[in-house]
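Under the heading transmembrane segment, TrEMBL lists 6-26, 38-58, 82-102, 114-130, 161-181, 202-227, 233-250, 257-274, 312-328, 365-385, 397-424, 444-461.
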């Protein structure tokens, strides 16, 4: 089975939640603000963007406020559909930032623990209001007709199979190649022995999972005694070998991030290209392999294939993420960013230097919340509908997990941690296809167990995260005086 469509969906999730995580990193990583209510700004950005963009009179089932129809207001302008939606998104970001100011002014002076609890409480109250007040945004029923910018223009193609493959297929291979190159640069500091141990541990873990899947139900209980068949015995031995080899690799190197990057790359390759390669070698079947390699090309988009809306929207969200990443990087590497980090380390120091720390913290809260609002608007357009259940408090803690896994105060680490988190969370859903339906609840719990185990390993062996905190070079001018 070709995994390209799922891969596109997963990448879109990763880009949107990376944008959400960057906003949290500005608050928590760089300024030291513990905001457990970060999801509230995600929700506000989503609802306000949808409300401003949607036209009036959606359907008889919608009983909320009448939409402003901004997406159709620019219909006479080339690209007006996208322009109207972008304006709606900016308004959603501004609304999220404004609410953060209203929340921050009375709470930002509190101690860290009280601030976290207060922010969580406010987010819970806002979610309850959106859930119960149907006159506002249709309550628990949500908004089912979300405007999707430029959706009517897709799929697109040249009408030529060869040209479509050239335009949309080759960039796919180039992106995979660049990802492999970047992974190799991260893995390069590893010495030979830890690299071999890490590779062996990863392959043994994958083999253990394969053997468990082949027996469908794993261990069989008979009169209170575990009865092991051949496949389960092999799976158990491989699992033990994986743990032993993995522990040895972790204790023999200081480059834990590089080791985890190697394991992640191997698991991704086995998952994404393993089955198509086996089908190609054993049966000469090339379709799934080619579709996975040329993942930006959709063979079903018209008679000659092309680019469908899901793939376009991924590229669209990726452009947003790149822009936000560059914006945050420029900010935190500026004199302004150095003040934020000083506030995080010891607020009394910048205060003694005459810096208005309260204003800096409010601005950081606005900045991070605006990014969360942008992520919310993109999320709504990607999903196609929104309701309050999508914005539970667990979404904030997912973002905290991703930030901690990748590295606090490291923007690249946030993106890496988000990718690792969602690969584990979404990739394990495929286990449902191999196990009986009565095991669905246990498999859902397995996702949280795997994420929790990974978090424990990282906190134990590398508390600073896979990439650690980013290094910031302060440019000293002539005479040793900094720019600020």
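Just so you know, glycine gets a Cβ as well, placed from its N, Cα and C.
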Result, the transmembrane segment (233-250) in contact with the transmembrane segment (114-130) (3+ CB pairs under 8 Å): no
Residues from the same chain, set at least six apart from the ends of the transmembrane segment (38-58), whose C-beta lies under 8 A from its own: 20, 23-24, 27, 64-72, 84-85, 87-89, 91-93, 95-97, 99-100, 103, 119, 122-123, 126-127, 130, 137, 143-147, 368-370, 372-377, 379-381, 386, 388, 390-393, 395-396, 399
Listed stretch, out of 161-181, 233-250, 312-328, 365-385, 397-424, that has the most CB pairs under 8 angstroms to the transmembrane segment (82-102): 365-385
Touch test for the transmembrane segment (365-385) and the transmembrane segment (161-181), at least 3 Cβ pairs under 8 Å: no
Cβ-Cβ under 8 Å with the transmembrane segment (6-26): same-chain residues at least 6 beyond its ends: 35, 38, 41-42, 272, 292, 295, 310-311, 313-314, 317-318, 320-321, 324-325, 328, 331-332, 340, 364, 367-372, 374-376, 378-379, 382, 395-396, 398-400, 402-403, 408-411, 414-415, 417-419, 421-423, 426-427
